[in-house]
């Protein structure tokens, strides 16, 4: 996973910087950009606090150089993902033969999408890590490490970091509740105290950083589910996860997953139901992204492992196909696809650290908002500006954000914005098509 971390040098979605590292940078160094989600209090500080702690330690040791600020949080995330991988292997070893466990582990390690996401500082990555470790303690038939308090604590923590993390756990929690003989004890002595403690922790952390009591989980669900304002960032048809999202995320594992669904014993039906349930729930929301279904990807690997274990004559060609096709996808998406927006940050760092007249430098990012990382990848209070694109929270029918207005007529917008030369930036970042 450490090797994995250094072989992913591309950008995936803005959230991996703007909702974690940028916020952590602001918490520790008092400058950085907080997006509208933070002014509207839709996000909680629990996840950025992990990276803020890393930044604070580096700062106290006098080692807060920009490269360490970029790579150490990603290495920390990579190590957590490695722990989750090993937990998945340990769980399968308890439930099945050593052979099946090895094949599940092989599938998990060569999944291109896991490779692409598991070292990124995304809430979805943390949600996936906590989900796998929680599954290790979940009372699955044959599991020797059952612990209701441990698994429910991990689920509660995942919920605090990203409220949608509860979606895959609804069928699993329901199954546990229905199978439990002492139902009242389970709720009163395990679920309720765990829920109360983790929610209190989240409230206290957010109270410290927001300066007022805020239930961010409610705000997040209200915005994304009740008001469905997530559509501002794009919407897809209801079937998108089944026709595109899920097949792409599974990639070359798809035929093995389908094959494994017919072979796996009855006790794994709950995992299959969880995958289908998660896809169905997310299909109801109009804003869809590949990363939203990442937490159920390890569940699918259980079925892929079964498929590989069952193959007799075609095993070697199947293994070669899985490994090579995933490796090609992983290396292309990790080293080639969308790397420009990260590479350009190196030039900005040089502008800050190798420039004698740096005090006069200023930067304008003329790209769709949040295309590049920001102060977390510069670590210098350089005057920077980008095209804003907050969603419409006022209910206007003809709402256009700053980026939209700019792209309708770039020259007109520039003449209005920079009406005299003194306000002009010294450096611009644009996509080549705009030139």
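Even glycines carry a Cβ here, placed using N, Cα and C.
TrEMBL lists 125-140 (among others) with the feature transmembrane segment.
Same-chain residues lying 6 or more positions outside the transmembrane segment (152-174) and placing a CB less than 8 Å from one of its CB atoms are 44, 46-47, 123-124, 126-127, 130-131, 133-134, 137-138, 190-191, 194-195, 197-199, 201-202, 217, 220-221, 224, 270, 273-275, 277-278, 281-282, 292, 295-296, 299. Under the heading transmembrane segment, TrEMBL lists 152-174 (among others).
Summarising the annotation, TrEMBL assigns transmembrane segment to 186-205 (among others). Long-range Cβ contacts of the transmembrane segment (186-205) within its own chain (Cβ-Cβ under 8 Å, at least 6 residues beyond either end) map to 44-46, 49, 148-149, 152-153, 156-157, 159-160, 176-177, 180, 213-217.
Residues annotated as transmembrane segment in TrEMBL: 238-258 (among others).
If you look at the transmembrane segment (270-286), the same-chain residues 6 or more away from its ends with a CB under 8 A from one of its CBs are 140, 167-168, 170-172, 175, 224-225, 228, 230-231, 235-236, 238-242, 245-246, 261, 264, 292-293, 295-296, 299-300, 302-303. What TrEMBL lists as transmembrane segment is 270-286 (among others).
Summarising the annotation, TrEMBL assigns transmembrane segment to 292-311 (among others). Sequence-distant contacts of the transmembrane segment (292-311), counting only residues of its own chain at least 6 positions beyond either end whose CB sits under 8 Å from a CB of the stretch, comprise 84, 88, 92, 99-101, 103-108, 111, 113-114, 117, 124-125, 127-128, 131-132, 135, 164-165, 168, 241, 245-246, 249-250, 253, 256-257, 259-261, 263-264, 268, 271-272, 274-275, 278-279, 282, 318-319, 322.
Sequence-distant contacts of the transmembrane segment (318-335) (same chain, at least 6 residues past either end, Cβ-Cβ under 8 Å): 7-10, 106-107, 110-112, 115-116, 251-253, 256, 308, 311. Here TrEMBL flags 318-335 (among others) as transmembrane segment.
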